[in-house]
Amino acid sequence: DPYYRFNDVMYRWISLDNWTYSRTFKTPFDIRTWQKVNLVFEGVDTVAQILINNITLGRTDNMFNRYSFDITSVIKEVNFVEVRFLSAVSYAAEQSRCHKAYSIPPACPPPVQKGECHANFIRKEQCSFSWDWGPSFPTQGIWKDVRIEAYNHYHLIYFSSTSFFVKSAQQWSLEIESIFDVVSSKPIAGLVTVNIPKLQTQQTFSVKLQPGEGSIVLLVNINKVRSSAVEAWWPNGHGKQTGYNMTTTFSMEAGYQIEKFSKAYFRTVELVQEPIPGSPGLSFYFRINGRPIFVKGSNWIPADSFQDRVTYDRLWLLLKSAADANMNALRVWGGGVYEQDEFYDICDEIGIMIWQDFMFACALYPTDQNYLESVRAEVSHQVRRLKSHPSIILWSGNNENEAAIASNWFSIPYADREVYIKDYVMLYVKNIREIVLTEDKSRPFIASSPTNGLESVKEGWLSQNPYDTHYGDTHFYDYSNDCWNWTVYPKTRFASEYGFQSWPSFSTIEKVSSTEDWSYTSNFSLHRQHHENGNDQMLQQIGHHFKLPQSTDPIKKFKDTIYLTQVMQAQCIKTETEFYRFSQSEIIKGEGHTMGALYWQLNDIWQAPSWASLEYGGKWKLLHYFAQNFFAPLLPVAYEDKGVLYIYGVSDLHVDHRLTLRVVAHAWSSLESVCTLVKDDVTVKAQSAVPIYKESINDFLERCRNCTRKSCVITFCLVGEGGLQSPTNHHFLSSLKDAVGLEKTQLSASVSQQDDTYVFVLQTTAVAPFVSLDVGSIKGRFSDNGFLMTEKKKVVVFYPWEPTSVEELEKSLTLTSLGDVV
């Protein structure tokens, strides 16, 4: 296993060598009957020479491009095909050496990443040369399908449909684009019929295909009567993800008929950047089908260093876990890959909106002619391939490269800035943006993230401070300040990256380590941490509120530390996300109207400490269970300001609700609640965050006589008609290391099977914070985890992802709460 222990370094030699893939194949058809035969590579990673029968067809240098080679004149009955790869590492170094005019930083990743240099000189997955959460495995190979296509007359290469709503006519229309390779030397005429039975829409067009790359663009208006009945595509939590079966038939004079089956989706997207009363700057939010949507979710990185291990099932599990945690969006981050078709199909199906970066990250990039030509082909291919997906709501040029120049990450002397700014505009604006605007008019484009949006454009595409909270989006990381203190967070328009690290579960680490590795300070633990001082930063953040583990049993100490990193991460990101959610409807000192929270990061590329909420293999960390609550459609959120407790009602629901707020104080020392406040007729407004409760902590403690800050904790929830209920939230009045009366509890669980799920009945003898159920490497997830247990009994359901049994679950179960850490 390349992920085992230190194998990433042991196997480095593989990426420094050149590898050739070859085979002999028989042609399964009669060559003479076809006008054109192509050898098509959907993806080659990355630098290779392609030969058939010892004749060079061409070369590849871009992992993100599709390559098609005409082999009509060289194919025989029996063929020998070769793909001769060059080491990506040595190619990148060579490209950098040849770029003599000026250097293009960064040259190498920080040593802690144990990576390779000059990733920015090769059009390859940037994190395959290492990242601060992942190993260096600069692969070489055929990473997507390869096939032979033989055809006469004409052949369909790309097919896409995008929807538009024509306001004046109050009617939906579809733009259908087809791109062909036309073999004949004369134009080919014919008919195209588009049929959407469910919408009683059928239209026939006469068309003419020009020789070469011929394209047809058709505008299909949806039957007027049916247009009002069209079910739009909505994000998760806001409606259905309806798609309509569509058949497009091409019947041309020459050649065969082509029937294309696809799904038509109807949705509009706008990125709204407008002045806000009482606030300098501009808004930054998404309107889907005319409705403003608060974007809730995370950032997606490649699910494996070896892309062929990323199966449909693995994608489904990760994306379904995002939807199950009440997410409606993911940002496909610009240092990985443009994801496979199935990824976007699943997002279409379950309502996950995608913010799609182009694959440029944390670096400056060359702009010589060859490089730009390769990038142009890449962008045009990817936009054509992906633009039919309703899930994609935004194209974004790069990750953090505007910020890199603005904040001068690479210490570029002021005198030399101009050349890099010119390169930046050349690449992202004059090339990438131009192509995107030509190919896809159905969704917005921004040049970078974080950016100041229209303000960045106004400042020549490079704003002075891309992190300005009054414009665009922000990325924010702070590991030294206390994360429970909400005042350190930016009251931004849109938080597209923020996060804290934690360690994955022991069961996940165990698979790739040996006994001597099982300590927080082992060589292995240091080796897996690719973020400078990351392990210490976690301990420091834990230390603000929790006692550090002191066990003399080294393995228990390691497991306790892992548990605390997950508790810390979950509580930190909960605090920060709730801050972003309660800021959506207010402007304070000119800041606010936050309309998006995408934490960094959703998933893991290998088993290591990282910012992820899903471990490698899909297991939910405590953070992911917390996300299910802090992203809930209806949620009460508490914070303290100058000794006053405020509770906001946050809602993503489409209508106002009259609800009851229950606020309960619990003493750490007793399962009997100390006092309960019930407030009826609380109006929680549709799609907003409004204050619903305010009381000074002193008054609160006076009202609940037996409580002090250190002896009590507050829980609260919203309840409405017809079973409408928010999760129960909590607010700590002091650090848990200072809590008074917190007893070591006896936790027990009984397990029984109910249909396809398993029911765990938990019992506790005392109030237990952060109760964690762990069933080792049995795949599945719980209905709730990491919770504060304030009652004697709690029922938790386990949803297995593979067959298991009551016996297996009982055998594997570990119950931990804060009191078990000593």
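From the backbone N, Cα and C atoms, a Cβ is placed for every residue, glycine too.
The annotation domain 'Beta-mannosidase-like galactose-binding' is assigned in TrEMBL to 1-144.
Taken from TrEMBL, the feature domain 'Glycoside hydrolase family 2 catalytic' covers 286-424.
Per TrEMBL, the feature domain 'Mannosidase Ig/CBM-like' maps to 645-738.
For the domain 'Beta-mannosidase Ig-fold' (742-820), the number of residues in each DSSP class (helix H, G, I; strand E, B; coil) is 10 helix, 40 strand, 29 coil. TrEMBL lists 742-820 with the feature domain 'Beta-mannosidase Ig-fold'.
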For the domain 'Mannosidase Ig/CBM-like' (645-738), residues assigned helix / strand / coil by DSSP: 13 helix, 52 strand, 29 coil
PLDDT averaged over the residues of the domain 'Beta-mannosidase Ig-fold' (742-820): 97
DSSP-assigned states of the domain 'Glycoside hydrolase family 2 catalytic' (286-424) in counts, ordered helix, strand, coil: 61 helix, 28 strand, 50 coil
DSSP residue counts for the domain 'Beta-mannosidase-like galactose-binding' (1-144), split into helix, strand and coil: 32 helix, 46 strand, 66 coil
